[in-house]
Amino acid sequence: MFSLLLLTSTALVETALGVSPSYNGLGLTPQMGWNNWNTFACNVTEQLLLGTADRISELGLKDVGYNYVILDDCWSGGRSSNGSLVPDLNKFPHGMKYVADHLHDQDLLFGMYSSAGEYTCAGYPGSLGHEEKDAQFFARNEVDYLKYDNCYNKGQFGTPQASYERYKAMSDALNNTGRPIFYSLCNWGQDLTFYWGSAIANSWRMSGDITADFDRPDSRCPCGDDEYDCKYAGYHCSIMNILNKAAPMGQNANPGGWNDLDMLEVGVGNLTDDEEKAHFSMWAMVRSPLIIGADVNHLKPSSFSIYAQSPVIAINQDPRGVPATRVWRRQVSDTDAYGRGEVQFWSGPLENGDQVIAFLNGGNRMRPMNAGLDDIFFDSHPGAPELNSTWAVYDLWANRMEDSVASDILNGNRSSNGLLYNSTQQSYSQGLARNDSRLFGSQIGTIQAGGRLNVTVPAHGVGLYRLRLQ
């Protein structure tokens, strides 16, 4: 345990000195991309990966920032006679280097999957005990990202040290290849990953698997909202369940290492538009990776416009990299069909002195919500200048793309693509530094010194705002 504390302390010292704590120089902002699992599970093929990559480029999503195309489980054909991983040639007839080349030709990055166990979660060969050989396989095929799961781990868990050592073996092996490979742990938050993840990885899952439900309880996700040290993470965890578990963990994330709340369910299942906006907004607020889980070939216009909302993405990609904090949480009487209902207020600092705030309405009706500057700057002492200043308030969803424009883009109208923010020409960091109006939403008013912001938030919805000093 001492070694873990030392590693954590080292990361904190590096942060204090202004040195990136990223163990491999990657992940200075949360990763963005696409993963097949939420929609396609094991139904993966070369055609799916290449077609998705083409579609991401055609729609302008690559330029918005979604640059990783990640192949999940079920790609493997086993191991060769010398123990090397081989792809299933029925699914990937040209091999993995062919896929990587196609993606790289489009300036996209290629992600693959394995598990820190004897088998992957779907029963294919895992990498436990094969870390060096498998890392060489990934590097040889020019993989840029590894999602590393937790199934069939032979009982090598139960303490932070046990899990740390098991995942460190692949971290070391990836580094030994000499190829920069983003390392994404998927150990479901087991053994307090948020304490030690940043020493060996760029992101780490902090809960059981997500499902496309806003706040539905499920016995397969047995740990409650506040059980951040969950002994049995399970799966089918709702959006609110995961968000509430993540609330205390923001203090352990920073550039180079992020809490991963799992893939986005925008465009998956039957979430309402307000639920999809709330889901996307809160993942951005807590600096979770933004990984599309939907079929990009069959996105509805409203979901596409959420994925393309650059003022919200700019919060997620803010170079300061400080996750927002949940300031308060209150239960409400207007519960849904599952007896669930709560409201929350979140706030966090941004690189340029701005502040981002979110009013989250988990209740079953539209409601007024409000917060004062003492809520927004909850750590400030009485008399602090931020409490005695005037702040301009910008609604980060006010300039959302119209469905008609989104439909034009989805139907191949390239001229409409020019309406999307292009982070390949100007990064979010550069755009924020240059006060690019496309990243700030629309001003809706001001908060005077000592004043309050009053908003109306739909059921299962969010009000998301950026505050700028007047």
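Counting starts with 1 at the first residue shown.
Each residue, glycine too, has its Cβ placed from N, Cα and C.
What you are looking at is a predicted structure, and each value in this text was computed from that prediction instead of being measured.
Swiss-Prot has this to say about the protein:
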- 1-18: signal peptide (SIGNAL)
- CYS42-CYS74: disulfide bond (DISULFID)
- ASN43: N-linked glycosylation site (CARBOHYD)
- ASP72, ASP73, LYS147, ARG205, GLN251: substrate binding site (BINDING)
- ASN82: N-linked glycosylation site (CARBOHYD)
- CYS121-CYS151: disulfide bond (DISULFID)
- ASP149: active site, nucleophile (ACT_SITE)
- ASN175: N-linked glycosylation site (CARBOHYD)
- ASP209: active site, proton donor (ACT_SITE)
- CYS221-CYS237: disulfide bond (DISULFID)
- CYS223-CYS230: disulfide bond (DISULFID)
- ASN270: N-linked glycosylation site (CARBOHYD)
- ASN388: N-linked glycosylation site (CARBOHYD)
- ASN413: N-linked glycosylation site (CARBOHYD)
- ASN422: N-linked glycosylation site (CARBOHYD)
- ASN435: N-linked glycosylation site (CARBOHYD)
- ASN454: N-linked glycosylation site (CARBOHYD)
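Neighbour density for the residue listed as 'active site, nucleophile': within 10 A of its CB lie 25 other CB atoms from the protein chains shown.
Here the C-alpha separation of CYS230 (disulfide bond) and the residue listed as 'active site, proton donor' works out to 13 Å. Distance between Cα atoms for ASN388 (N-linked glycosylation site) and ASP209 (active site, proton donor): 43 Å, as a whole number.
Sorting the glycosylation sites ASN270, ASN388 by the number of other Cβ atoms within 10 Å puts ASN388 first.
Between the candidate disulfide-bonded residues, CYS42, CYS151, CYS221, CYS223, CYS230, the densest Cβ environment within 10 Å is the one around CYS221.
Counting only same-chain residues at least 6 apart in sequence, those with a Cβ under 8 Å from the Cβ of ASN43 (N-linked glycosylation site) are CYS74. The C-beta environment of ASN175 (N-linked glycosylation site), restricted to residues of the same chain at least 6 apart in sequence and closer than 8 Å, consists of ASN24. The record assigns ASP72, ASP73, LYS147, ARG205, GLN251 to the substrate binding site, and the maximum Cα to Cα distance across that set is 31 Å. Of the recorded residues, ASN435 (N-linked glycosylation site) and ASN422 (N-linked glycosylation site) place their C-alpha atoms 15 Å from one another. According to DSSP, CYS221 (disulfide bond) is assigned to coil rather than to any helix or strand. Within its own chain, LYS147 (substrate binding site) has ASN35, ILE70, ASP72, GLY111, MET112, TYR113, SER114, SER184, CYS186 as residues 6 or more apart in sequence whose C-beta sits under 8 angstroms from its own.
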